Amino acid sequence: MAEKTKRGPGFKDASEHAHEVFASAPEMHRVKGAFQFKRSPFPWAKAIGSGLSSGLPILFGVLLGHLDFGLMASMGGFSYLYGVNEPYRRRAKKVLLVLLFLALSLGIGSMSASNRWVTVLALGLVGGIAFYCSGALQIAPPGGFFFVLACAAGTGLPYDPAAIPMRMLLIGLGGLLAWLISMAGWLYRPHGPETRKVTDVYIQLASVLETAGTQRFELALHQAAVALRAARVAVQPSRTVRGQQEPQLARNAIFMKKAEELFLTVIQVANEGKQEGAKRLAAIMRNLAQLIATPHAVIYPTIAIVEQHGTTTAERTLYRQLKDVIAIATGTRLQMEALQPLTIRPSLWERLGAAFDRKSLVLPMAVRIGVILMLATGIAYSLGIHRPYWVPLTCAAVMVGTSGMAAVQRALQRFAGTVVGMLLGNLFLSMSPHGITLAAVVMVLQFIVELVIGRNYGFAVLFITPIALIMAEAGHPEYSHAYYVTARLTDVFIGCLLGLVGTMLLGKRAASLRLPAVICNTLLREEELLQSMLAGKTSEHERQQLQTALINTRIVYDTSLNEVSRSRTSVEAIWPAVSSVQQLGYTLLGLSGKEQASISQEEKRMLQHAFYELALAFEHRRAPEPLHWPELVAYPEVKQALMTIWERLHVVQGIRQKS
């Protein structure tokens, strides 16, 4: 085998001790994580908007003397949550579509109420389709949950075909109010969401520089790639006004184009391992992010005009790029040329169809949820539960988790939050809130829910429970407080249990079974980019494809690691090899702007065979065969990265044989 080429400390070598190789591995989720609070900023704007969207329809219903209409319309207010952080041009369409499908889900549930077996089928189909679409379209939580809620609520209403159009209209009206609330920010900062996403890219790039040579480096790279993809989608496509780009949209597009260039250089700087220089550049990057976020603020990041002694080639390049971006941000240089689209966004149908791919986790997740919802509804009916729809609704809430351990955590959070929330709910019920007071209580509780749900779901359930109890009693005042408390507790317990059992039995290894295919796809994308680099014809499309593959690999690995099955140990053992594939991908991205040098046909054949053998080793869970490596004089880092994958696969095989 060829002699190893020296590499910077941005990535670890395979020859290091096992505990060092595993130091950067993702953490397994533990049961105790259900009771831990995450550190995240409070989303004040989202919480206020959600509270208004849920409470105002009830208030209008009270003022019009039809509380039942207000309660129905408040369900349309959940459409507000689907537009948060979206650019307004996309938000306007998305929230409208969501409210239409919420109304349709309620209509389907109402129509199915005539027969319990039709209800079972309806909830399963709506749940499966809703979670499939939300997964395929990458809609963040709550995803398909509120469509299940609307359908479940419809099944609990009296069967009256004549009343169904009115119910759907009321949800639509509540959704239109939520649409107005979600679009309010457009009046004073029409491109704020895009600017925030672009700003986040620069913050994440600063984190990459700050973590170079540390255990957090690979995670920082992953987060930067995710932020880059989100911002790329947000700023495209740009609208035009009389054939010209709007200034703020053009500004965001320019900063995004520069961020793509910075990302490649930042990887090179991080790999060189000069931590002092990297941290100095990271501080400038953070100041630049603040300048992009507040274009009229007086913030001028300082960069030495004369580059400091000893600065590397990559650092000098990054200094020049940062000075260029700062000149644009401060207005000392105008660059409003026409920009080519940063990405070609797949159509709606292409994205829905792509989720059928065997490497995707979306289809098995949707099938699992649909089947479990049908089983839960059928069991609830067979047990004679008065409000059977609360059981599948709890199942859906538990199964929002992307892995088995996430489902365990959510089940614990759901049940514990419900038990404690009963005390708070009973307190509110004893006060008999009605009229304007009822609307105000729901508004405040929903505000608190959205404020804290990102930190701990169980703590949020503590406030979700009183909302459910108050709205249930307001709709059916003939039952006692004790009845609702007992019924809610029983139904939530059964729903949590069924959701957990279903998750454990169905698709518990969906991610780990797909992991080898996902890794092989990433190796394929890496080979394609490398061959293009050697041919001197790299494209932005190829880089974006590789970034997507790297992101997907990390997501599927993390999900596999947190499955509740015996495969968790074998998934943990493969981390050194997965990490080395990630390292190769980001190394290629960093070098893809470098001058290319062609290689011979024999070396190309050796390169193709090397990638093919490494992919086979991952697919068949074995050590790779001995390989002859091409010289790759222009890219010694790539040769070393490939050799590292080969070595780490042998390390992994040794761990497997011992265990």
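Cβ from N, Cα, C; glycine included.
Straight from TrEMBL, the features:
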- 58-83: transmembrane segment (TRANSMEM)
- 95-111: transmembrane segment (TRANSMEM)
- 168-188: transmembrane segment (TRANSMEM)
- 361-383: transmembrane segment (TRANSMEM)
- 375-501: domain 'Integral membrane bound transporter' (DOMAIN)
- 389-408: transmembrane segment (TRANSMEM)
- 436-453: transmembrane segment (TRANSMEM)
- 458-476: transmembrane segment (TRANSMEM)
- 482-506: transmembrane segment (TRANSMEM)
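Helix, strand and coil counts under DSSP for the domain 'Integral membrane bound transporter' (375-501) come to 102 helix, 0 strand, 25 coil. Under the criterion of 3 or more C-beta pairs below 8 Å, with sequence separation of 6 or more, the transmembrane segment (168-188) and the transmembrane segment (389-408) do not qualify as touching, having fewer than 3 such pairs. Note on the transmembrane segment (436-453): residues 42-44, 46-48, 50-52, 54-56, 58-59, 62, 67, 70, 74, 81, 428, 459-460, 463-464, 466-467, 470-471, 474 of its chain, located 6 or more positions outside it, place their CB under 8 angstroms from a CB of the stretch.
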